[in-house]
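Feature annotations, courtesy of TrEMBL:
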type     : residues  : note
TRANSMEM : A:20-41   : transmembrane segment
TRANSMEM : A:61-79   : transmembrane segment
TRANSMEM : A:118-137 : transmembrane segment
TRANSMEM : A:143-165 : transmembrane segment
TRANSMEM : A:177-203 : transmembrane segment
TRANSMEM : A:231-250 : transmembrane segment
Amino acid sequence: MRLYMAVAVGGFRRYATYRVATAAGVFANTVFGFIMAYTYIALWDERPRLGGYDQAEALTFVWLGQALLMTCAMMGGGFGEELVDRIRTGDVAIDLYRPVDLQLWWLAGDLGRAAFHLIGRGIAPMVLGGLVFELVLPADPLTWVAFLVSVALGVVVSFAVRYLLALSAFWLLDGTGVLQISMLTGLFFSGMLLPLTLFPGALGEVARALPWSSLLQIPADVFLGKHTGWGLIRAYAFQAGWAVLLLGAGRALQTVATRRVVVQGG
Amino acid sequence: MAVAVEVTGADSTGAGPGPGFIEVDAVEKVFSVRRRGASRLRREKHEVRAVDGISFRVARGEMVGYIGPNGAGKSTTIKMLTGILTPSGGRLRVAGIDPARERTRLSYRIGVVFGQRTTLWWDLPLRDSYRLVHRMYRIPDARYRENLARCVELLDLGELLDVPVRQLSLGQRMRGDIAAALLHDPDVLYLDEPTIGLDVVSKAEVREFLRDLNAERGTTVLLTTHDLTDIEQLCKRVMVIDHGRLMYDGELAGLHEVGRSERTLVVDLERAAAPIELEGVRVVKVEGPRQWLAFPASRSAAPIVTAVAAAYPLVDLSVREPDIEAVIAKMYAGRS
(Lines of atoms letter the chains of each structure in order from A; the text may use other names.)
(Lines give C-alpha, C1' and ligand atoms only; values in the text may rest on other atoms or scores of the structure.)
Protein backbone atom coordinates (compact mmCIF):
# COMPACT_ATOMS: atom_id res chain seq x y z
CA MET A 1 0.00 0.00 0.00
CA ARG A 2 2.83 2.36 0.83
CA LEU A 3 4.23 1.69 -2.61
CA TYR A 4 1.05 2.86 -4.31
CA MET A 5 0.93 5.90 -2.02
CA ALA A 6 4.45 6.71 -3.17
CA VAL A 7 3.40 6.22 -6.80
CA ALA A 8 0.45 8.58 -6.30
CA VAL A 9 2.69 11.20 -4.71
CA GLY A 10 5.07 10.78 -7.64
CA GLY A 11 2.18 11.18 -10.08
CA PHE A 12 1.24 14.42 -8.36
CA ARG A 13 4.79 15.70 -8.36
CA ARG A 14 5.65 14.89 -11.94
CA TYR A 15 2.80 17.10 -13.14
CA ALA A 16 3.62 19.73 -10.56
CA THR A 17 7.11 20.08 -12.10
CA TYR A 18 5.80 21.73 -15.21
CA ARG A 19 4.62 25.08 -13.86
CA VAL A 20 4.60 27.03 -17.11
CA ALA A 21 2.58 24.28 -18.80
CA THR A 22 0.11 24.43 -15.93
CA ALA A 23 -0.23 28.20 -16.25
CA ALA A 24 -0.75 27.88 -20.00
CA GLY A 25 -3.37 25.20 -19.35
CA VAL A 26 -5.23 27.39 -16.89
CA PHE A 27 -5.24 30.15 -19.50
CA ALA A 28 -6.64 27.80 -22.16
CA ASN A 29 -9.33 26.49 -19.78
CA THR A 30 -10.36 30.04 -18.94
CA VAL A 31 -10.58 31.14 -22.58
CA PHE A 32 -12.68 28.11 -23.50
CA GLY A 33 -14.77 28.71 -20.40
CA PHE A 34 -15.58 32.22 -21.59
CA ILE A 35 -16.44 31.10 -25.12
CA MET A 36 -18.71 28.36 -23.81
CA ALA A 37 -20.26 30.61 -21.17
CA TYR A 38 -21.36 33.17 -23.78
CA THR A 39 -22.70 30.42 -26.03
CA TYR A 40 -24.69 29.01 -23.13
CA ILE A 41 -26.03 32.48 -22.25
CA ALA A 42 -27.30 32.86 -25.85
CA LEU A 43 -28.84 29.39 -25.67
CA TRP A 44 -30.48 29.83 -22.28
CA ASP A 45 -31.83 33.29 -23.26
CA GLU A 46 -33.74 31.55 -26.05
CA ARG A 47 -34.71 28.47 -24.05
CA PRO A 48 -34.75 29.20 -20.30
CA ARG A 49 -34.60 26.12 -18.05
CA LEU A 50 -33.16 24.02 -20.84
CA GLY A 51 -32.33 20.55 -19.54
CA GLY A 52 -33.73 21.49 -16.16
CA TYR A 53 -31.06 24.12 -15.42
CA ASP A 54 -31.58 27.84 -14.99
CA GLN A 55 -28.98 30.16 -16.47
CA ALA A 56 -26.81 30.41 -13.35
CA GLU A 57 -26.78 26.61 -13.05
CA ALA A 58 -25.92 26.24 -16.72
CA LEU A 59 -22.99 28.65 -16.31
CA THR A 60 -21.84 26.76 -13.24
CA PHE A 61 -21.96 23.62 -15.34
CA VAL A 62 -19.66 25.28 -17.91
CA TRP A 63 -17.06 26.27 -15.34
CA LEU A 64 -17.24 22.93 -13.55
CA GLY A 65 -16.57 21.37 -16.94
CA GLN A 66 -13.44 23.49 -17.37
CA ALA A 67 -12.33 22.74 -13.81
CA LEU A 68 -12.77 18.98 -14.25
CA LEU A 69 -11.66 18.70 -17.87
CA MET A 70 -8.12 17.72 -16.93
CA THR A 71 -8.93 16.17 -13.56
CA CYS A 72 -11.26 13.59 -15.07
CA ALA A 73 -9.17 13.51 -18.27
CA MET A 74 -12.27 13.87 -20.43
CA MET A 75 -10.18 14.32 -23.53
CA GLY A 76 -8.02 11.35 -22.61
CA GLY A 77 -4.43 12.06 -21.75
CA GLY A 78 -2.65 11.40 -18.50
CA PHE A 79 -0.97 8.03 -18.50
CA GLY A 80 -2.65 6.83 -21.72
CA GLU A 81 -0.05 7.95 -24.25
CA GLU A 82 2.72 6.93 -21.91
CA LEU A 83 1.45 3.38 -21.47
CA VAL A 84 0.77 3.04 -25.20
CA ASP A 85 4.30 4.20 -25.83
CA ARG A 86 5.75 1.72 -23.35
CA ILE A 87 3.81 -1.07 -25.00
CA ARG A 88 4.94 -0.03 -28.47
CA THR A 89 8.62 0.22 -27.56
CA GLY A 90 8.56 -2.88 -25.40
CA ASP A 91 9.48 -0.95 -22.25
CA VAL A 92 6.42 -2.53 -20.69
CA ALA A 93 8.62 -5.60 -20.22
CA ILE A 94 10.43 -3.67 -17.49
CA ASP A 95 7.14 -3.13 -15.69
CA LEU A 96 6.54 -6.87 -15.73
CA TYR A 97 9.65 -8.05 -13.91
CA ARG A 98 9.09 -5.77 -10.96
CA PRO A 99 6.96 -6.90 -8.02
CA VAL A 100 4.13 -4.50 -8.78
CA ASP A 101 0.59 -4.78 -10.02
CA LEU A 102 0.44 -3.04 -13.37
CA GLN A 103 -3.12 -1.76 -13.05
CA LEU A 104 -2.75 -0.53 -9.46
CA TRP A 105 0.54 1.14 -10.38
CA TRP A 106 -1.01 3.17 -13.17
CA LEU A 107 -4.18 3.84 -11.16
CA ALA A 108 -2.17 5.23 -8.26
CA GLY A 109 -0.14 7.43 -10.60
CA ASP A 110 -3.32 8.66 -12.27
CA LEU A 111 -4.99 9.50 -8.96
CA GLY A 112 -1.92 11.57 -8.07
CA ARG A 113 -2.14 13.30 -11.44
CA ALA A 114 -5.86 13.98 -10.97
CA ALA A 115 -5.27 15.46 -7.53
CA PHE A 116 -2.73 17.82 -9.01
CA HIS A 117 -4.99 18.77 -11.90
CA LEU A 118 -7.90 19.44 -9.55
CA ILE A 119 -5.79 21.87 -7.58
CA GLY A 120 -3.58 23.25 -10.34
CA ARG A 121 -5.98 23.32 -13.25
CA GLY A 122 -9.36 23.27 -11.51
CA ILE A 123 -9.47 26.02 -8.93
CA ALA A 124 -8.14 28.96 -10.94
CA PRO A 125 -10.58 28.76 -13.92
CA MET A 126 -13.49 28.26 -11.51
CA VAL A 127 -12.50 31.35 -9.50
CA LEU A 128 -11.96 33.45 -12.65
CA GLY A 129 -15.31 32.31 -14.03
CA GLY A 130 -16.96 33.12 -10.72
CA LEU A 131 -15.59 36.67 -10.81
CA VAL A 132 -17.25 37.41 -14.14
CA PHE A 133 -20.41 35.30 -14.08
CA GLU A 134 -22.96 34.59 -11.40
CA LEU A 135 -22.41 30.94 -10.39
CA VAL A 136 -24.33 28.69 -8.04
CA LEU A 137 -22.02 27.56 -5.22
CA PRO A 138 -23.22 25.08 -2.60
CA ALA A 139 -23.85 26.64 0.76
CA ASP A 140 -23.66 23.36 2.64
CA PRO A 141 -20.07 22.14 3.19
CA LEU A 142 -21.40 18.57 3.00
CA THR A 143 -22.37 19.19 -0.62
CA TRP A 144 -18.76 20.11 -1.34
CA VAL A 145 -17.65 16.86 0.27
CA ALA A 146 -20.27 14.90 -1.69
CA PHE A 147 -19.01 16.59 -4.85
CA LEU A 148 -15.38 15.64 -4.18
CA VAL A 149 -16.38 12.01 -3.57
CA SER A 150 -18.21 12.00 -6.89
CA VAL A 151 -15.19 13.54 -8.64
CA ALA A 152 -12.94 10.86 -7.14
CA LEU A 153 -15.26 8.14 -8.44
CA GLY A 154 -15.32 9.91 -11.80
CA VAL A 155 -11.53 9.85 -11.95
CA VAL A 156 -11.49 6.10 -11.27
CA VAL A 157 -14.08 5.47 -14.02
CA SER A 158 -12.08 7.69 -16.37
CA PHE A 159 -8.94 5.77 -15.52
CA ALA A 160 -10.62 2.42 -16.06
CA VAL A 161 -11.81 3.45 -19.53
CA ARG A 162 -8.43 4.83 -20.54
CA TYR A 163 -6.63 1.78 -19.18
CA LEU A 164 -8.77 -0.51 -21.33
CA LEU A 165 -8.10 1.61 -24.39
CA ALA A 166 -4.38 1.83 -23.74
CA LEU A 167 -4.12 -1.94 -23.40
CA SER A 168 -5.54 -2.29 -26.89
CA ALA A 169 -2.08 -1.20 -28.05
CA PHE A 170 -0.91 -4.72 -27.28
CA TRP A 171 -2.88 -5.82 -30.33
CA LEU A 172 -3.02 -2.68 -32.44
CA LEU A 173 0.58 -1.61 -31.80
CA ASP A 174 -0.40 1.93 -32.77
CA GLY A 175 -2.77 3.33 -30.20
CA THR A 176 -3.21 6.85 -31.62
CA GLY A 177 -6.49 6.10 -33.42
CA VAL A 178 -8.04 4.60 -30.32
CA LEU A 179 -6.92 7.54 -28.21
CA GLN A 180 -8.46 10.00 -30.67
CA ILE A 181 -11.79 8.18 -30.67
CA SER A 182 -11.70 8.13 -26.88
CA MET A 183 -11.12 11.88 -26.86
CA LEU A 184 -14.22 12.56 -28.96
CA THR A 185 -16.46 10.14 -27.07
CA GLY A 186 -15.17 11.50 -23.79
CA LEU A 187 -15.91 15.10 -24.78
CA PHE A 188 -19.42 14.36 -25.90
CA PHE A 189 -20.64 11.69 -23.48
CA SER A 190 -19.25 13.30 -20.34
CA GLY A 191 -21.51 16.28 -20.93
CA MET A 192 -18.58 18.57 -21.67
CA LEU A 193 -20.16 20.06 -24.82
CA LEU A 194 -23.71 20.19 -23.52
CA PRO A 195 -25.28 18.74 -20.37
CA LEU A 196 -26.59 15.24 -21.09
CA THR A 197 -29.98 16.17 -19.64
CA LEU A 198 -30.57 18.25 -22.78
CA PHE A 199 -30.72 15.30 -25.10
CA PRO A 200 -34.18 13.91 -25.63
CA GLY A 201 -35.34 10.34 -26.09
CA ALA A 202 -33.14 7.36 -26.64
CA LEU A 203 -29.94 9.32 -27.28
CA GLY A 204 -30.31 11.02 -23.91
CA GLU A 205 -31.09 7.75 -22.15
CA VAL A 206 -28.07 6.06 -23.66
CA ALA A 207 -25.75 9.02 -23.06
CA ARG A 208 -26.74 9.18 -19.40
CA ALA A 209 -26.25 5.44 -18.94
CA LEU A 210 -22.75 5.30 -20.44
CA PRO A 211 -19.72 5.41 -18.12
CA TRP A 212 -18.57 8.82 -19.35
CA SER A 213 -21.48 10.56 -17.60
CA SER A 214 -19.58 9.77 -14.38
CA LEU A 215 -16.87 12.19 -15.46
CA LEU A 216 -18.81 15.44 -15.47
CA GLN A 217 -22.60 15.10 -15.61
CA ILE A 218 -22.90 13.34 -12.26
CA PRO A 219 -20.30 15.36 -10.30
CA ALA A 220 -21.83 18.58 -11.67
CA ASP A 221 -25.33 17.50 -10.66
CA VAL A 222 -24.05 16.63 -7.19
CA PHE A 223 -22.46 20.07 -7.01
CA LEU A 224 -25.73 21.71 -8.10
CA GLY A 225 -27.65 19.77 -5.45
CA LYS A 226 -29.65 17.69 -7.96
CA HIS A 227 -28.70 14.46 -6.21
CA THR A 228 -29.47 14.30 -2.50
CA GLY A 229 -30.39 11.55 -0.07
CA TRP A 230 -31.12 8.30 -1.89
CA GLY A 231 -30.55 10.06 -5.19
CA LEU A 232 -26.98 10.70 -4.15
CA ILE A 233 -26.49 7.09 -3.12
CA ARG A 234 -27.88 6.00 -6.50
CA ALA A 235 -25.52 8.37 -8.31
CA TYR A 236 -22.54 7.01 -6.37
CA ALA A 237 -23.70 3.45 -7.02
CA PHE A 238 -23.87 4.19 -10.74
CA GLN A 239 -20.31 5.55 -10.74
CA ALA A 240 -18.93 2.82 -8.49
CA GLY A 241 -20.69 0.16 -10.57
CA TRP A 242 -19.04 1.33 -13.76
CA ALA A 243 -15.70 1.65 -11.95
CA VAL A 244 -15.81 -1.94 -10.70
CA LEU A 245 -17.02 -3.31 -14.02
CA LEU A 246 -14.42 -1.47 -16.11
CA LEU A 247 -11.56 -2.11 -13.71
CA GLY A 248 -12.48 -5.79 -13.80
CA ALA A 249 -12.49 -5.77 -17.59
CA GLY A 250 -9.12 -4.00 -17.57
CA ARG A 251 -7.74 -6.62 -15.23
CA ALA A 252 -8.96 -9.45 -17.46
CA LEU A 253 -7.50 -7.79 -20.54
CA GLN A 254 -4.24 -7.19 -18.70
CA THR A 255 -3.97 -10.90 -17.89
CA VAL A 256 -4.49 -11.80 -21.55
CA ALA A 257 -2.05 -9.13 -22.70
CA THR A 258 0.59 -10.19 -20.21
CA ARG A 259 0.29 -13.80 -21.27
CA ARG A 260 0.65 -12.71 -24.86
CA VAL A 261 3.79 -10.71 -24.12
CA VAL A 262 5.23 -13.48 -22.02
CA VAL A 263 4.62 -16.11 -24.65
CA GLN A 264 5.00 -14.09 -27.83
CA GLY A 265 7.59 -11.55 -26.79
CA GLY A 266 5.26 -8.66 -27.64
CA MET B 1 47.65 -25.17 -25.63
CA ALA B 2 44.44 -26.10 -23.89
CA VAL B 3 41.57 -26.96 -26.10
CA ALA B 4 38.63 -24.72 -25.43
CA VAL B 5 35.38 -26.40 -24.71
CA GLU B 6 32.84 -26.03 -27.39
CA VAL B 7 29.23 -26.51 -26.54
CA THR B 8 26.33 -27.14 -28.81
CA GLY B 9 22.86 -28.50 -28.28
CA ALA B 10 22.05 -30.02 -24.97
CA ASP B 11 25.53 -30.87 -23.74
CA SER B 12 26.54 -28.66 -20.90
CA THR B 13 30.04 -28.09 -19.72
CA GLY B 14 32.18 -25.19 -18.78
CA ALA B 15 30.56 -24.48 -15.42
CA GLY B 16 32.30 -25.15 -12.17
CA PRO B 17 31.39 -28.06 -9.95
CA GLY B 18 28.34 -28.06 -7.73
CA PRO B 19 24.78 -27.08 -8.48
CA GLY B 20 24.39 -24.03 -10.68
CA PHE B 21 22.86 -20.87 -9.29
CA ILE B 22 21.52 -20.23 -12.74
CA GLU B 23 20.56 -23.45 -14.50
CA VAL B 24 19.59 -23.52 -18.13
CA ASP B 25 18.85 -26.91 -19.67
CA ALA B 26 18.07 -27.33 -23.35
CA VAL B 27 16.05 -24.14 -23.33
CA GLU B 28 14.26 -23.09 -26.49
CA LYS B 29 12.22 -20.07 -27.46
CA VAL B 30 10.27 -20.22 -30.66
CA PHE B 31 8.35 -17.21 -31.92
CA SER B 32 5.78 -17.59 -34.62
CA VAL B 33 5.87 -14.66 -36.96
CA ARG B 34 3.32 -13.95 -39.65
CA ARG B 35 4.70 -12.74 -42.89
CA ARG B 36 3.12 -11.94 -46.17
CA GLY B 37 3.66 -15.00 -48.28
CA ALA B 38 3.57 -15.66 -52.00
CA SER B 39 -0.09 -14.87 -52.33
CA ARG B 40 -0.94 -11.34 -51.24
CA LEU B 41 -3.92 -12.21 -49.14
CA ARG B 42 -2.67 -15.05 -47.05
CA ARG B 43 -0.05 -14.54 -44.45
CA GLU B 44 2.23 -17.44 -43.88
CA LYS B 45 3.30 -18.48 -40.45
CA HIS B 46 7.01 -18.69 -39.91
CA GLU B 47 8.78 -20.09 -36.94
CA VAL B 48 11.71 -18.17 -35.62
CA ARG B 49 13.88 -20.12 -33.23
CA ALA B 50 15.34 -17.23 -31.23
CA VAL B 51 16.89 -19.61 -28.72
CA ASP B 52 17.50 -23.09 -30.00
CA GLY B 53 18.46 -25.50 -27.27
CA ILE B 54 20.86 -23.71 -24.94
CA SER B 55 22.30 -25.23 -21.77
CA PHE B 56 24.64 -23.73 -19.23
CA ARG B 57 25.22 -23.39 -15.53
CA VAL B 58 26.42 -20.33 -13.69
CA ALA B 59 27.76 -20.76 -10.17
CA ARG B 60 27.00 -18.34 -7.38
CA GLY B 61 29.30 -15.34 -7.47
CA GLU B 62 30.43 -15.92 -11.03
CA MET B 63 30.66 -13.10 -13.52
CA VAL B 64 29.90 -14.31 -17.00
CA GLY B 65 29.91 -12.52 -20.32
CA TYR B 66 27.22 -13.42 -22.79
CA ILE B 67 28.05 -12.24 -26.25
CA GLY B 68 26.96 -12.62 -29.80
CA PRO B 69 25.89 -10.56 -32.78
CA ASN B 70 22.58 -8.70 -32.99
CA GLY B 71 19.59 -10.99 -33.03
CA ALA B 72 21.60 -13.94 -31.75
CA GLY B 73 19.19 -14.54 -28.88
CA LYS B 74 20.98 -12.78 -26.02
CA SER B 75 18.12 -10.57 -24.87
CA THR B 76 15.63 -13.38 -25.32
CA THR B 77 17.70 -15.50 -22.94
CA ILE B 78 17.86 -12.67 -20.41
CA LYS B 79 14.12 -12.14 -20.68
CA MET B 80 13.52 -15.82 -20.00
CA LEU B 81 15.83 -15.64 -17.00
CA THR B 82 13.80 -12.75 -15.57
CA GLY B 83 10.53 -14.55 -16.18
CA ILE B 84 9.06 -12.04 -18.61
CA LEU B 85 9.24 -14.61 -21.40
CA THR B 86 8.26 -18.23 -21.00
CA PRO B 87 10.52 -20.75 -22.72
CA SER B 88 8.96 -22.91 -25.42
CA GLY B 89 10.95 -25.88 -24.17
CA GLY B 90 13.62 -26.92 -21.71
CA ARG B 91 14.13 -26.10 -18.09
CA LEU B 92 15.25 -22.90 -16.34
CA ARG B 93 16.08 -22.24 -12.71
CA VAL B 94 17.41 -19.09 -11.09
CA ALA B 95 18.21 -19.41 -7.38
CA GLY B 96 16.04 -22.51 -7.43
CA ILE B 97 13.05 -20.59 -8.78
CA ASP B 98 11.27 -21.25 -12.06
CA PRO B 99 11.27 -17.71 -13.47
CA ALA B 100 8.17 -17.88 -15.67
CA ARG B 101 6.05 -19.51 -12.98
CA GLU B 102 7.13 -17.40 -10.03
CA ARG B 103 8.07 -14.13 -11.60
CA THR B 104 7.14 -12.01 -8.60
CA ARG B 105 9.03 -14.15 -6.08
CA LEU B 106 12.06 -14.13 -8.34
CA SER B 107 11.90 -10.36 -8.77
CA TYR B 108 13.08 -9.88 -5.18
CA ARG B 109 16.21 -11.89 -5.93
CA ILE B 110 17.27 -10.34 -9.22
CA GLY B 111 18.28 -6.96 -10.52
CA VAL B 112 18.04 -6.08 -14.18
CA VAL B 113 19.58 -3.27 -16.18
CA PHE B 114 18.68 -2.85 -19.82
CA GLY B 115 21.15 -0.43 -21.35
CA GLN B 116 18.62 0.94 -23.77
CA ARG B 117 15.67 1.21 -21.42
CA THR B 118 15.29 2.90 -18.10
CA THR B 119 13.36 2.07 -14.96
CA LEU B 120 13.77 5.59 -13.66
CA TRP B 121 11.00 8.15 -13.49
CA TRP B 122 11.69 10.48 -16.35
CA ASP B 123 10.29 13.75 -15.00
CA LEU B 124 11.33 13.38 -11.39
CA PRO B 125 14.62 13.57 -9.49
CA LEU B 126 16.61 10.35 -9.17
CA ARG B 127 15.86 10.33 -5.45
CA ASP B 128 12.12 9.86 -6.11
CA SER B 129 12.72 6.78 -8.24
CA TYR B 130 14.82 5.28 -5.45
CA ARG B 131 12.10 5.99 -2.91
CA LEU B 132 9.77 4.03 -5.12
CA VAL B 133 12.21 1.13 -5.33
CA HIS B 134 12.41 1.24 -1.54
CA ARG B 135 8.64 0.67 -1.28
CA MET B 136 8.43 -1.67 -4.24
CA TYR B 137 10.84 -4.22 -2.81
CA ARG B 138 9.84 -3.51 0.79
CA ILE B 139 13.46 -2.89 1.71
CA PRO B 140 13.95 -2.36 5.47
CA ASP B 141 14.70 1.32 6.10
CA ALA B 142 18.17 0.81 7.54
CA ARG B 143 19.22 -1.49 4.70
CA TYR B 144 17.83 0.94 2.14
CA ARG B 145 19.75 3.87 3.60
CA GLU B 146 22.92 1.83 3.77
CA ASN B 147 22.65 0.53 0.21
CA LEU B 148 21.74 3.91 -1.19
CA ALA B 149 24.66 5.56 0.58
CA ARG B 150 26.98 2.91 -0.80
CA CYS B 151 25.71 3.25 -4.37
CA VAL B 152 25.80 7.02 -4.17
CA GLU B 153 29.40 6.90 -3.03
CA LEU B 154 30.68 4.28 -5.47
CA LEU B 155 28.71 5.46 -8.48
CA ASP B 156 29.30 9.10 -7.67
CA LEU B 157 25.62 10.00 -7.63
CA GLY B 158 25.72 12.54 -4.81
CA GLU B 159 25.14 15.62 -6.92
CA LEU B 160 22.68 13.88 -9.22
CA LEU B 161 20.11 12.76 -6.64
CA ASP B 162 18.03 15.90 -6.95
CA VAL B 163 18.33 16.27 -10.70
CA PRO B 164 15.35 15.17 -12.83
CA VAL B 165 16.26 12.07 -14.80
CA ARG B 166 15.51 13.73 -18.13
CA GLN B 167 18.39 16.14 -17.48
CA LEU B 168 20.96 13.41 -16.85
CA SER B 169 23.53 12.44 -19.45
CA LEU B 170 23.45 8.88 -20.75
CA GLY B 171 26.37 7.85 -18.54
CA GLN B 172 24.81 9.43 -15.46
CA ARG B 173 21.47 7.81 -16.22
CA MET B 174 23.12 4.42 -16.62
CA ARG B 175 24.81 4.77 -13.23
CA GLY B 176 21.44 5.78 -11.81
CA ASP B 177 19.81 2.72 -13.34
CA ILE B 178 22.48 0.39 -11.99
CA ALA B 179 21.96 1.78 -8.50
CA ALA B 180 18.19 1.32 -8.85
CA ALA B 181 18.72 -2.33 -9.73
CA LEU B 182 20.89 -2.95 -6.67
CA LEU B 183 19.09 -1.26 -3.79
CA HIS B 184 17.25 -4.45 -2.84
CA ASP B 185 20.45 -6.53 -2.62
CA PRO B 186 19.74 -8.89 -5.51
CA ASP B 187 21.70 -12.15 -5.68
CA VAL B 188 21.82 -11.99 -9.45
CA LEU B 189 22.34 -9.00 -11.67
CA TYR B 190 21.52 -9.18 -15.37
CA LEU B 191 23.08 -6.46 -17.44
CA ASP B 192 21.97 -6.07 -21.02
CA GLU B 193 24.44 -3.82 -22.85
CA PRO B 194 25.28 -1.72 -19.78
CA THR B 195 27.97 0.29 -21.53
CA ILE B 196 26.21 0.91 -24.84
CA GLY B 197 26.57 4.48 -25.98
CA LEU B 198 28.79 5.49 -23.08
CA ASP B 199 32.04 7.40 -23.44
CA VAL B 200 35.34 5.88 -22.40
CA VAL B 201 35.35 7.44 -18.94
CA SER B 202 31.80 6.39 -18.14
CA LYS B 203 32.50 2.87 -19.39
CA ALA B 204 35.50 2.62 -17.09
CA GLU B 205 33.45 3.84 -14.13
CA VAL B 206 30.69 1.32 -14.74
CA ARG B 207 33.19 -1.52 -15.12
CA GLU B 208 35.03 -0.62 -11.96
CA PHE B 209 31.80 -0.55 -10.00
CA LEU B 210 30.71 -3.93 -11.33
CA ARG B 211 34.07 -5.48 -10.51
CA ASP B 212 33.86 -4.23 -6.93
CA LEU B 213 30.26 -5.36 -6.59
CA ASN B 214 31.16 -8.85 -7.68
CA ALA B 215 34.24 -9.03 -5.50
CA GLU B 216 32.73 -7.58 -2.33
CA ARG B 217 29.15 -8.78 -2.38
CA GLY B 218 29.57 -11.93 -4.42
CA THR B 219 26.73 -10.86 -6.68
CA THR B 220 26.35 -13.21 -9.63
CA VAL B 221 26.53 -11.19 -12.80
CA LEU B 222 25.43 -12.10 -16.30
CA LEU B 223 26.47 -9.50 -18.80
CA THR B 224 25.56 -9.17 -22.46
CA THR B 225 27.59 -6.77 -24.48
CA HIS B 226 29.01 -5.89 -27.85
CA ASP B 227 32.10 -4.44 -26.31
CA LEU B 228 34.79 -7.07 -25.94
CA THR B 229 36.66 -4.82 -23.55
CA ASP B 230 33.78 -5.20 -21.07
CA ILE B 231 34.35 -8.93 -21.11
CA GLU B 232 38.13 -8.68 -21.01
CA GLN B 233 38.06 -6.48 -17.96
CA LEU B 234 35.25 -8.15 -16.07
CA CYS B 235 34.66 -11.77 -16.96
CA LYS B 236 36.81 -14.85 -16.67
CA ARG B 237 34.22 -16.82 -18.51
CA VAL B 238 32.46 -15.99 -21.71
CA MET B 239 29.60 -17.61 -23.56
CA VAL B 240 29.09 -16.96 -27.23
CA ILE B 241 25.69 -17.38 -28.78
CA ASP B 242 24.75 -17.18 -32.42
CA HIS B 243 21.56 -18.12 -34.20
CA GLY B 244 20.12 -19.17 -30.86
CA ARG B 245 22.84 -21.73 -30.20
CA LEU B 246 25.70 -21.69 -27.75
CA MET B 247 28.86 -21.65 -29.85
CA TYR B 248 31.39 -21.42 -27.09
CA ASP B 249 31.54 -21.54 -23.32
CA GLY B 250 34.88 -21.04 -21.60
CA GLU B 251 37.69 -18.59 -21.01
CA LEU B 252 38.10 -15.53 -23.14
CA ALA B 253 41.63 -16.52 -24.17
CA GLY B 254 40.30 -19.83 -25.39
CA LEU B 255 37.76 -18.02 -27.52
CA HIS B 256 40.58 -16.46 -29.47
CA GLU B 257 42.10 -19.89 -29.90
CA VAL B 258 38.90 -21.37 -31.20
CA GLY B 259 38.17 -18.40 -33.37
CA ARG B 260 41.83 -18.26 -34.45
CA SER B 261 41.40 -14.54 -34.16
CA GLU B 262 44.21 -12.19 -34.95
CA ARG B 263 45.30 -8.84 -33.70
CA THR B 264 46.72 -6.38 -36.13
CA LEU B 265 49.87 -4.35 -35.63
CA VAL B 266 49.98 -1.31 -37.85
CA VAL B 267 53.51 0.05 -38.25
CA ASP B 268 54.68 3.23 -39.94
CA LEU B 269 58.26 3.02 -41.17
CA GLU B 270 60.45 5.93 -42.21
CA ARG B 271 60.19 4.89 -45.83
CA ALA B 272 58.56 2.27 -47.97
CA ALA B 273 60.17 -1.13 -47.51
CA ALA B 274 59.70 -4.72 -48.57
CA PRO B 275 57.11 -6.63 -46.50
CA ILE B 276 58.46 -7.30 -43.00
CA GLU B 277 59.49 -10.88 -42.40
CA LEU B 278 59.04 -12.19 -38.88
CA GLU B 279 58.19 -15.58 -37.49
CA GLY B 280 54.49 -16.00 -36.64
CA VAL B 281 53.60 -12.73 -38.28
CA ARG B 282 51.80 -12.32 -41.55
CA VAL B 283 51.84 -9.13 -43.57
CA VAL B 284 48.28 -8.37 -44.59
CA LYS B 285 48.75 -5.16 -46.49
CA VAL B 286 51.48 -2.74 -47.51
CA GLU B 287 50.75 0.86 -48.38
CA GLY B 288 53.90 2.91 -48.88
CA PRO B 289 55.69 3.14 -45.55
CA ARG B 290 52.72 1.67 -43.67
CA GLN B 291 52.33 -2.07 -43.13
CA TRP B 292 49.64 -4.18 -41.50
CA LEU B 293 50.91 -7.22 -39.59
CA ALA B 294 48.55 -9.90 -38.31
CA PHE B 295 49.44 -12.21 -35.43
CA PRO B 296 47.46 -14.59 -33.20
CA ALA B 297 45.43 -12.76 -30.55
CA SER B 298 46.85 -15.05 -27.88
CA ARG B 299 50.38 -13.74 -28.46
CA SER B 300 51.79 -10.67 -26.81
CA ALA B 301 52.48 -7.72 -29.07
CA ALA B 302 55.58 -6.63 -27.15
CA PRO B 303 58.19 -9.05 -28.64
CA ILE B 304 56.90 -8.38 -32.13
CA VAL B 305 57.20 -4.65 -31.64
CA THR B 306 60.73 -5.10 -30.27
CA ALA B 307 61.74 -7.25 -33.22
CA VAL B 308 60.32 -4.82 -35.77
CA ALA B 309 61.93 -1.84 -34.05
CA ALA B 310 65.29 -3.62 -33.99
CA ALA B 311 65.31 -4.41 -37.70
CA TYR B 312 63.37 -1.53 -39.28
CA PRO B 313 63.27 2.27 -38.92
CA LEU B 314 60.02 2.47 -36.93
CA VAL B 315 58.19 5.81 -36.73
CA ASP B 316 54.85 4.97 -35.22
CA LEU B 317 52.64 1.97 -34.42
CA SER B 318 49.24 0.93 -33.18
CA VAL B 319 47.59 -2.36 -32.22
CA ARG B 320 44.07 -3.24 -33.27
CA GLU B 321 42.04 -5.77 -31.30
CA PRO B 322 39.89 -8.31 -33.09
CA ASP B 323 36.21 -7.51 -32.78
CA ILE B 324 33.72 -10.05 -31.64
CA GLU B 325 31.91 -10.29 -34.96
CA ALA B 326 35.16 -11.20 -36.68
CA VAL B 327 35.95 -13.79 -34.02
CA ILE B 328 32.56 -15.41 -34.41
CA ALA B 329 32.76 -15.31 -38.18
CA LYS B 330 36.10 -17.13 -37.95
CA MET B 331 34.58 -19.66 -35.58
CA TYR B 332 32.04 -20.47 -38.24
CA ALA B 333 34.70 -20.75 -40.87
CA GLY B 334 36.62 -23.09 -38.58
CA ARG B 335 33.63 -25.35 -38.06
CA SER B 336 32.57 -25.85 -41.62
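Just so it is clear, glycine is given a Cβ too, placed from its N, Cα and C backbone atoms.
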Among the ranges A:20-41, A:118-137, A:177-203, A:231-250, the one whose Cβ pairs under 8 Å to the transmembrane segment (A:143-165) are most numerous: A:231-250
Selection from A:20-41, A:118-137, A:177-203, the stretch that has most Cβ pairs under 8 A to the transmembrane segment (A:61-79): A:118-137
Cβ contacts under 8 Å made by the transmembrane segment (A:20-41) with residues that lie 6+ beyond its boundaries: 55, 58-59, 61-63, 65-67, 69-70, 120-121, 124-125, 128-129, 132-133
